[in-house]
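Asker: Straight from TrEMBL, here's the annotation block:
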- A:12-32: transmembrane segment (TRANSMEM)
- A:52-82: transmembrane segment (TRANSMEM)
- A:56-264: domain 'ABC transmembrane type-1' (DOMAIN)
- A:94-117: transmembrane segment (TRANSMEM)
- A:129-153: transmembrane segment (TRANSMEM)
- A:242-263: transmembrane segment (TRANSMEM)
Amino acid sequence: MGRGRGPGRWAARAVVTAYLVLLVAWPLWLVAQHTFADGLDQLRGIVDDPDVAHALRLTVVVAILSVVLNTVFGVGISLLIVRYRFPGRRLLNALLDVPLSVSPIVVGLALVLVYGGRSGWFGPALEDAGLQVVFATPGIVLATTFVALPLVIREVVPVLEEIGTEQEQAAQSLGATAGQTFRRITLPAIKWGVTYGVVLSLARSLGEFGAVKVVSGNVLGETRTATLVVEEKYLNFDQGGAYATAFLLALVAVACIVVVSIIRPKEEPR
Amino acid sequence: MPVVAGGRLTRASGLGLGVAMLWFSLLVLIPLAAVVATAAAGGWSGFWQAVTNEQTAAAIRLTVGTAMLVTVVNVVMGTLIAWVLVRDRFPGQRALEVLIDVPFALPTIVAGLVLLSLYGPDSPLGVDVANTRAAVFLAFLFVTLPFVVRTVQPVLAELDPEVEEAAASLGASRFTTFRRIVLPALAPAIAAGAALSFARGVSEYGSLVLLSGNLPMQTEVTSVRILSSIENDNLGNAAAVATVLLAVSFAVIVALDVIQRRVGRRG
C-alpha cells in the first residue's frame, strides 16, 4: 500500500482534485472574473467611493488593534499555560478554544447583553463614563478580538511544549533576568509560531462578519466594515461593487495563506 | 512527551495570570455567562417556548441535520484528501494545499458570494441551488473543508508506512491493511476533525446570508433565527436559542478534550 500505486492512486488524485476545484478553486476564479469583467473600473469605483474607503480603513484599523491584543494576550497566556502549574489550568486551556466554536451571532449577542448601552450589564455605566461600546468602534474591536482569540495560542502552545525549558533554565542559571530570557531564548524559538498565528489572526480579523454585524449598528461612513459593504452592495443590486470588494478581501485572505504556506516548511526541519 | 516545567507561579507570573484572566473574563466569559443568565431569566417555560417555537425548531433541525450530513462527507473526503496530500506526490499539489486553507481564511460573506458565482442563478454549470436547502449544505461543506484534512494530515505523516508494508507482505489485502492498521491509528484524529467540523457547521452564519435566502421553515438556520430575535429587540428569545448553540459547542469541546486525553495516554 505504502505510496499507493496503480489505478487507485490516479482515481484518488482525480477525485480530490475535482472536489477541490469544484468547491473552492473555480468559484474563487469566477469572483476574480466578475471583478475584472469591465477592466479596472469596478475596483476603481469602490476605492473612489468615500464610504467604501472609510469602511476599508475601519476594517484595517480594527484588524490591527485586535491582532495586537490577541498576540500580546496569546503569547502571555501560552507561556503561563505551558510553563506553570496552577489550579484551573486545564479548564482554562479548554475554555480558550471556546471562541472558535461559538456562532458569530451568539458572540455579538453576548457582547450586546453585557456592553449594550441601554440594558447591558456594564453598558449604561460605561456610557455614563463617556465610553460607548456597542454600535461604536470599541464594540467592533471586541467582537473581532473575541472570534480570533485562540489562533495565536493554538500556534504557540505546541512550539513551547516542544522546545522544553533546558535553554531557558540554562540562561537563568547564568544570571539572565526573566525579561532577558524571554527576549533572547524563548522569543526566537517561538517566532515562527507567533508569525503564523498573527497572519491567521489577521485574515480572520479582516473578514469577521456576523459578530460585527450585531454589535456595529452598521452605520454608513461610521461603523460599517468591509464585509458589511459586500452584503449591503449585493442586496442593493450593486453586484459589481460587491464582487470588487469581495475580491479585495479574498485577495488579502489568499495572500495570508500563501505567506503561511511559505513560512511553514521552514519550520519543519528542526 | 515534551519536557514541560512544572513551575509554580512567581509574583510576576501570578500578576500576569491575573491580568490575562481579567481580560479573558471581560471579553469572553462574562458575555457568554450573560447569554445563559438572560436565557435563564425567562424561566424554564420561557426557554422551552422560545426553543420549541415552530419556526425556531425547524431552524435547529435544519442546522443540526445539515451539519451532521456535512460532517459525514468531511470524514470521507477529508481523510481521502489528507491521504492524497501525504502519500502521493504530483505537480500542483502545493496549490491544493493552499486551496484547503482558503475556506478558513476567506471572510464568510465572501465565501457565500464565491459559491453563488458557481452555484447561483448565473451558474456556468447550469446548477442553481440558491435559496434551497442544498445551498445550506454547500455552504457548510465549504466552510468546514479544512478541519478533518488538517487534523488527519499530521497523524498520517507520522504513520510509518513500513507497518503497512509488513501487513501487506504477510498477505493482508489493501482493504484489510487499511481497516486494521491505518484506520485505528487515524480514528482519534478523524473524530477530532469531525467534532470541529460539526461545531463549525452548527454555528455558521455569514456564508448563508446571500446564498440560502433565509426562508423561514425552509432554509433558515439557527444563527439567522437568533439574529432576527435580536433585530426585533427580543433579547430573551435570542439568548434562549443561543444557549442551545452554546450547549452544542460545549459538548463538542468536552468531546475533543476526551479524545485528546485518550490519544495522549496512548502516546
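Quick reminder: no glycine exception, Cβ is built from N, Cα and C everywhere.
In TrEMBL, annotation is done automatically, which means it is predicted and not curated.
Keep in mind that this is a model prediction, so the values were computed, not measured.
Neighbours and distances for these, please.
Answerer: If one looks beyond the transmembrane segment (A:12-32) by at least 6 residues along the same chain, the residues whose Cβ comes under 8 Å of a Cβ in the stretch are 4, 243, 246-247, 250, 254.
Packing against the transmembrane segment (A:129-153) from elsewhere in the chain are residues 58, 62-63, 65-67, 69-71, 73-75, 77-78, 96-97, 99-100, 104, 107-108, 111-112, 115-117, 120, 123, 194, 197-198, 200-201, 204-205, 208, 211-212, 214-217, 219, 223, 225: each is 6 or more residues past its ends and has a CB under 8 Å from a CB in it.
Nonlocal intrachain contacts for the transmembrane segment (A:242-263), taken as residues 6+ away from its ends with a CB within less than 8 angstroms of a stretch CB, comprise 28, 31-32, 34-35, 42-43, 45-46, 52, 56, 192, 195-196, 199-200, 202-203, 206-207, 226-227, 229-231, 233-234.
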